[in-house]
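Per TrEMBL, these features apply:
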ACT_SITE  TYR156  active site
ACT_SITE  ASP197  active site, proton donor/acceptor
ACT_SITE  HIS304  active site, proton acceptor
BINDING   ASN8, GLU48, ASP197, ASN199, ASP303, HIS304  Mg(2+) binding site
COMPBIAS  359-368  compositional bias 'Polar residues'
COMPBIAS  378-407  compositional bias 'Polar residues'
DOMAIN    465-514  domain 'GRF-type'
SITE      HIS304  site 'Interaction with DNA substrate'
Amino acid sequence: MLRVVSWNVNGIRSPLQGMLYEEPSNYAAMVVGRILDKLDADIVCFQETKVTRDVLTEPLAITEGYNSYFSFSRSRSGYSGVATFCKNSATPVAAEEGLSGLLATQKGDVGCYGNMDEFTQEELRALDSEGRALLTQHKIRTWEGKEKILTLINVYCPHADPGKPERLAFKMHFYSLLKIRAEALLAAGSHVIILGDLNTAHRPIDHWDAVNLECFEEDPGRKWMDGLLSSLGCQTGSHVGPFIDSYRCFQPKQEGAFTCWSAVSGARHLNYGSRLDYVLGDRTLVIDTFQDSFLLPEVMGSDHCPVGAVLSVSSVPAKECPPLCTRFLPEFAGTQLKIRRFLVRLKDPVFRDSALKLNNKTQVQMHQNKARVRSTRPRPSQAGSSRGQKNLTSYFQPSSSHPQASPNLELPSVGALVTPKTSEKEVMAKVVEGQASASEAKDEKEIRTSFWKSVLGGPLSMPLCRGHREPCVRRTVKKPGPNLGRHFYICARPQGPPTDPSSRCNFFLWSRPS
């Protein structure tokens with residue numbers, strides 16, 4: 001059996017406190033290992049890792065028993081990014097970063113790019129610049145003993161911000177490029193699995209509030225998925241797209257099967273979310289080999305939950321990892337970086353000759369400087385002069401610059417140093433006087449405290465929501481606009497269906513300016 005799992009971890013460096021109940025000393029080294037052990041899969045695909053190569057550490061990238069592959073964002077730090085961890089028993093035969101082929105190194109790549117003439121080179125470079133796709137190609141063996149090729153495409157598709165129409169165009173271009181590459185791999189004879197965060201809830205059953213969304217079916221992302229997926233799942237008959245949504249193949253009518261919830265509103269408590277994460281397999285592969293497709297909503301640590309599938313095939317591991325494997329990165333391979341990597345080779349002979357002349361001139365000047373330094377050094381015969389090294393005993397001789405103590409100096413008598421005995425009455429009077437002054441200081445402090453309390457008043461009490469008569473929570477407007485930065489109060493309960501009385505009511509109140 002081959003088990004594959006996908007999870008949007010929302011930051012792989014500081015995730016998953018829900019899975020760790022203690023703080024180990026080597027946190028970074030243990031967290032990934034515990035995640036992989038918890039998911040118990042042969043291949044694990046992570047999205048939204050939010051790491052770039054300059055901050056990737058060895059304990060995070062290299063885990064015992066696994067070989068890992070990362071795709072980094074080249075446009076922003078701490079943004080996007082995907083990673084694939086494969087057990088050594090499922091080592092891929094090839095691995096490649098990106099969908100366009102522009103990031104390919106020509107050695108150990110997956111290949112099969114299809115016709116991308118609809119995109120310019122600048123568009124392809126931009127689509128692959130955010131670290132949103134990673135391909136690993138594996139050799140598998142069916143229960144009949146036949147060996148086949150399986151390509152996994154780990155994707156983190158862009159989110160379309162309603163306030164940024166250019167991001168919707170970017171998302172649709174990414175979708176189109178993904179489909180072109182997947183179909184090209186299928187045409188070359190490879191089985192294909194697309195898994196990850198597609199950032200689109202396909203059907204109304206996949207969204208908690210699809211009824212109240214305008215033109216739900218007309219969304220461009222949903223139309224793209226209509227063209228990619230077969231409409232009849234695992235059933236026989238006509239179909240549209242070459243891929244199948246594996247979860248709906250096994251659970252076609254399961255409601256509330258969500259994979260993403262709003263962390264700000266606490267919507268996960270009442271399962272008020274949407275299904276954005278998928279395992280899509282080509283039609284032949286799903287019908288012949290998929291045994292199960294599942295969600296893991298009980299696994300905490302992110303605003304998404306893991307999804308996965310089980311295939312009735314075995315993996316045939318490659319003898320060695322592809323060059324993209326993180327263990328081959330110079331910073332992790334134990335090879336020291338040489339300074340020649342940071343220098344530019346001089347190809348022009350004129351520049352080369354001038355550089356050689358400059359080097360010879362520098363060496364001559366260095367020899368002259370050394371000779372000049374030797375000539376100015378003091379000779380051994382000068383060691384006994386006044387400017388030579390001082391003797392250690394010279395520091396213990398009396399100095400003539402400091403006057404010596406006068407021998408006729410009179411010391412005070414012992415009686416003058418003894419404190420006269422104080423009577424008991426005087427002592428008691430001083431104690432009473434000290435207590436009185438302390439009481440006065442305490443009264444004065446209390447007066448000042450009460451004064452400032454009356455002036456400042458302290459924090460205002462939270463208003464009560466009308467639906468539950470419970471204290472509200474205070475929020476801040478972060479969306480750009482005229483109300484940016486303003487505070488408001490809403491019901492403190494988690495977001496949920498309007499028909500659920502235990503969910504958040506619609507109470508809203510602007511906070512008074514201070």
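Backbone N, Cα and C define each Cβ position, glycine as well.
Within the group of recorded positions (GLU48, ASP197, ASP303), the Cβ with the highest number of other Cβ atoms inside 10 Å belongs to ASP197.
The Mg(2+) site is set by ASN8, GLU48, ASP197, ASN199, ASP303, HIS304; from the centre of their CB atoms, other residues of the chain with a CB within 8 Å are ASN10, GLN47, TYR156, CYS260, LEU276, ASP277, SER302.
Distance between Cα atoms for ASN8 (Mg(2+) binding site) and the residue listed as 'active site, proton acceptor': 6 Å, as a whole number. Each residue contributes its Cα atom, and for HIS304 (active site, proton acceptor) and the residue listed as 'active site, proton donor/acceptor' those atoms are 9 Å apart. When the recorded positions ASN8, TYR156, ASN199, HIS304 are compared by the number of other C-beta atoms lying within 10 angstroms of their own C-beta, ASN199 comes out lowest. Summed and averaged per residue, pLDDT over the domain 'GRF-type' (465-514) gives 88. Using the residue listed as 'active site' as the reference Cα, a 10 A cut-off selects GLU48, ASN199 from the binding-site residues GLU48, ASN199, ASP303.
The distance from the Cα of ASP303 (Mg(2+) binding site) to the Cα of ASP197 (active site, proton donor/acceptor) comes to 12 Å.
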